[in-house]
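Have a look at the structure below before the remarks.
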Amino acid sequence: MAAQYKGTQVRAPDEGAAEPGPLRPAGGKPPAGARTARTAGTAALSRATPYLLILPALVATALLLGYPLIQNVIISFQTLDAFQLIQHTTQWTGFGNYKAQLTSAEFWHTTERSVFFTLANVALIMVSGALVGLLLYRLGKRMRLLLSIGLVLAWAMPTVAGTTVYQWLFDTRYGVVNWFLDKLGWHSMAGYNWFGGQFSTFAVITLMIVWQSIPFVALNLYAALTTISGEIFEAARMDGAGAWRTFSSVLFPMLRPFFLSTAFLEVIWVFKAFTQVYALNAGGPEGLTETLPVYAFVEGVGNQHYGTGAAISVLTILILLALMSYYFRIILKQEDDL
Amino acid sequence: MRRKLIAAIGVAAVLTGVAACGGSDNKSDSGKSSSAGPADFKGKTLNVWLMSGSNPPGWTKDITAAFEKQYPGAKLKITVQQWDGIQQKLTTALSESTPPDVIEVGNTQTPYYAATGGLKDLTSVKADIGGNDWAPSLNGSAVYNGKQFAAPWYFASRVVVYNKKIWTAAGITTPPKTQDELFSDLDKIKAKGTKDAFYLPGQDWYGFDGFLLDAGADLVKKDGDKYTGNLDTPQAASAISLYKKLNGYGTAPKDKDEATPQQSDVFAKGDVGAFLGLGWEAAGAITKNPALKDQVGFFAFPGKTAAKTASVFVGGSNLAITQGSKNPELAQDFLKMAMSDQFEGELAKEGGVVPNKASLDSNLSGNEFGTVSAAAAANGGTTPLIPAWGSVENVPNPITTLFMTGVLQGQSPSAAAKKADAEIDKRLSQQ
């Protein structure tokens, strides 16, 4: 991902705002004059090359995502419980599963919870990630290496392993967090059950997800910053701009495409975060931390109503698409501008 | 140029990763026809799934040797499964074209699987595998719609497992006869500085069901021809308040069950006064900490008066042959072997569990847990034997997550019961 930002370098703020540089594949157009010098056969081949190159990715996507997705949509129109699964019978129910969900208060509560959870996490990730990225840029060589290693380690940590570590950190009896708070003098925290309440459970989940997501934002921002000529900052300083002004009027507009695409990637990742939420406390207590993916799993696999679970997951995709519509609109609009 | 459109599609592809959760593929598979002759068992493997804690090592070794001796060339492969999430695992296994041949199914969950059609009808071979001698009261869960879908394997009821050293140190010489005595004993133990006089995690719903039965109610009630949740009752309120009081005699979590962490591991540390458990848990604690060997004692949970011990939930397991088994003959013979007096007796003797026929009860005489547990089971009950009950036990179980933990963390029994009953009703009606 980082390599792609190379394409955004030294561009004036106004120009950068109009183009989502990060999403443009590296390489650019082939030289226009080259085609005339070739025979028809090689011309056809060269026209086909981009499609041939993208073919393996398309095949993999179709097999690993497309096929399960279609199956999932098919199942969402069925009543598929343990009975049907074991008997291998197909029992169609039309829009029954969808109707049940769309008229269920629990579904809408979960949706609301998911949306707010996503927004809060993405805001925290973007702000802290950007701050850490700027810090990386300003640090000296040695400290930068140290911080980079720390970020990469946090990033490389497998999700379930990370979750286990957080479970232990926040364990009621043996957790180091409670021990530390107790030592600090906050004695009522000595036996505090972090997973007993909705807010405290969400707090731990959020802390973990933000911790796991900062490296991506920070390292990419740092990579983008290294492509910007230092003269621009110097010029801003000469004009009397402070740190905030430099960021908001110079840096942010230049890197707007970066912030936009990263923020929306984070929206996708946080919204569909299943492992962290489920592994930490299985959506508990009392299902109060169930987000849509967890809800789909609990209803589908946990309660063995696989059709219901499939319908919820399809609705989840639709809701996510709605959340992403702003981003798609920008991309498609720029498509027309070209 | 369509690059940006492609980029947009790429993002859409990332999005669809959300849909990764779905059903498994449900293609129908007729399966290969098994045409093995009676003597042709060479190279066959009989897959048997048993649940954690069910098969003691000696029994496992002996029955494997006996099976492989009877069928030279055939292999018996026993896989131990965990209770947590077992229903989803069983459903998936039963839907496959090569399921395990023999599975252990908990007695409360058996009607559910009998109804799904995943278990083989054993009615015609019941007599051959020894079914005429099974105690009728213990066979109830294995019969569905008048047909025998499983063989009752063993039973067990939870009793109080206690650390004699800690109890003696507190000046207690005889086990309590009433609940009042129990609490005064626990007070004495606590006064001696034992943090966990009684270790009772908040989600041991089998333990709670015993208290509820003792209070004179069931988890569900029959309402016309359908069942509904029955937790919003004075009996359930009194049972959960007893439970809460006991939970307060230790540091056990309010929102975890007895397997997270394994309560036997907690007891093995040697600083826990008592817990509500089974024979294999006590044995597990001793394996982990041999110093406890002569310190572990058992008594049935006392009643309100000394006249009789408290009612208990009688847990148990059945063995069933899967409908899709590729080795039905071997499976049936394995079942016959496991149900035989020799191996049923050995299981009772080694595991301290109640055997499926009264004539084998003598095997329990040397096993302190077995003796206490069998006596307590005389006063026992179970969940309603209806297929829909299996849905209630699906994760997350409303009895534990909504009711028990809810009350233990400060909700009023009635408020928590209303939430749990609503979810139980929903699940019972969905079957």
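For all residues, glycine too, the Cβ spot is worked out from N, Cα and C.
Taken from TrEMBL, the feature domain 'ABC transmembrane type-1' applies to A:111-327.
The region 'Disordered' annotation in TrEMBL covers A:1-39.
Under the heading transmembrane segment, TrEMBL lists A:51-70 (among others).
Residues or ranges marked as transmembrane segment in TrEMBL: A:115-137 (among others).
Only residues 6 or more beyond the boundaries of the transmembrane segment (A:149-169), in the same chain, are considered here, and those with a CB under 8 A from a CB of the stretch are 132, 175-177, 204, 207-208, 211-212, 214-216, 218-219, 275-276, 279-280. Annotation comment: TrEMBL describes A:149-169 (among others) as transmembrane segment.
What TrEMBL records for A:202-225 (among others) is transmembrane segment. Listed by sequence, the residues of this chain that lie at least six past the ends of the transmembrane segment (A:202-225) yet keep a Cβ under 8 A from its Cβ atoms are 1-3, 5, 8, 117, 120-121, 124-126, 128-130, 132-137, 148, 151-152, 154-155, 157, 159, 162-163, 166, 170, 194-195, 251, 255, 258, 262, 266, 269-270, 273, 276-277, 280-281, 289.
TrEMBL lists A:246-271 (among others) with the feature transmembrane segment.
Residues 72-73, 75-81, 85, 93, 97-98, 100-102, 107, 111, 114-115, 118, 260-261, 264, 267-268, 271-272, 292-293, 295-297, 299-300 of the same chain, all 6+ positions outside the transmembrane segment (A:306-328), place their C-beta atoms under 8 angstroms from a C-beta of that stretch. Here TrEMBL flags A:306-328 (among others) as transmembrane segment.
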